[in-house]
Amino acid sequence: MPKPNHSTAPLPFPILIGDIGGTNARFSILTDAYAEPKQFPNVRTADFATIDEAIQQGVLDKTAVQPRSAILAVAGPINDDEIPLTNCDWVVRPKTMIEGLGMEDVLVVNDFEAQALAVAALSDENRERIGEATGDMIASRVVLGPGTGLGVGGLVHAQHSWIPVPGEGGHVDLGPRSKRDYQIFPHIETIEGRVSAEQILCGRGLVNLYHAICVVDGIQPTMKDPADITSHALAGSDKAAVETVSLFATYLGRVAGDMAMVFMARGGVYLSGGISQKILPALRRPEFRLAFEDKAPHTALLRTIPTYVVTHPLAALAGLSSYARMPANFGVSTEGRRWRR
């Protein structure tokens, strides 16, 4: 019977690496510490009843390599042997996975823990700087990722080690500040009476914001797809869409600035995920950095902190692979999150 194990010993190769999001799951296999990961096609979570089926059909049936262990990054808190995902119907059951998929060792981490691991050593070719602040200090960092939800992860640098800090920062309160905000926010769809950052700063949140703007302006909303809203906004072909993406960038800047202060992220704030890349033209405009820096009495501090958009197509897998190769470089907690045969 597989048992929880708090060992910090390296996981045995070959290692299955998985980034399990609300909509898509991405997998690779790392055969040894020096090899490049073997990538597999993305898997839509809605296409499989369980994660075990997705791994079997999407990975194991397509390779002769049998992984001995797995590191999985999941969207949701990890509290026990059954790990439900926040934005999809899968439940990760490491004990069942070990018995059913022939593995010896499974480690489960938060998805933005994996994103945080990635930004420890992200090259310039895999990131785009937003704003004038520069520098690449060996100092704490933070990652925010608007996608199916809003993920937040910290990366603290201490004792010559990178320590990822998972959490549910996407669910902090987000409130109105400007006159326009006070017009719009009463029409934002709430969750149990509150507006969290994730109610606006994700795909469905973008639609939520667009619909609220339409209500305030007495316009009939014509779009229900986040991609339609962003494309019309960037083309300048729909006034409500343009304002939606502009305010999205502003609110993202506010939350990013808050997280920069929480983690004292002098090493930079990184925006990951597909939405950040798609709205890059909007993030390059002044609104994002102005909101990021508008943190009196600490405006001067925020002006020194660089902000980046992560452009690496598989950043979470890259971060997990870095940890799998050199676990001693990272302070990853395994307590309550690692199971061995």
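The backbone N, Cα and C atoms fix where each Cβ goes, and this holds for glycine too.
Feature annotations, courtesy of Swiss-Prot:
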- Gly18, Asp19, Ile20, Gly21, Gly22, Thr23: ATP binding site (BINDING)
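Positions of Swiss-Prot features highlighted on the structure.
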residue: Gly18; record: ATP binding site; contacts (Cβ under 8 Å, 6+ apart): Ala25, Arg26, Phe27, Ile55, Ala70, Ile71, Leu72, Ala73
residue: Asp19; record: ATP binding site; contacts (Cβ under 8 Å, 6+ apart): Ala25, Arg26, Phe27, Ala73, Asp111, Ala114, Leu314, Ala316, Leu317, Leu320
residue: Ile20; record: ATP binding site; contacts (Cβ under 8 Å, 6+ apart): Thr45, Ile51, Leu72, Ala73, Val74, Ala75, Leu85, Trp90, Val92, Asp111
residue: Gly21; record: ATP binding site; contacts (Cβ under 8 Å, 6+ apart): Thr45, Ala75, Asn87, Cys88, Asp111, Gly147, Thr148
residue: Gly22; record: ATP binding site; contacts (Cβ under 8 Å, 6+ apart): Thr45, Ala75, Leu85, Thr86, Asn87, Cys88, Gly147, Thr148, Gly149
residue: Thr23; record: ATP binding site; contacts (Cβ under 8 Å, 6+ apart): Arg44, Thr45, Ala46, Asn87, Cys88, Gly147, Thr148
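Under DSSP, Thr23 (ATP binding site) is assigned to coil, being neither helix nor strand in the three-state scheme.
Annotated ATP site Gly18, Asp19, Ile20, Gly21, Gly22, Thr23; additional same-chain residues within 8 Å of its Cβ mean position, judged by their own Cβ, are Asn24, Ala25, Arg26, Thr45, Ala73, Val74, Ala75, Leu85, Cys88, Asp111.
DSSP classifies Gly18 (ATP binding site) as strand under the three-state reduction.
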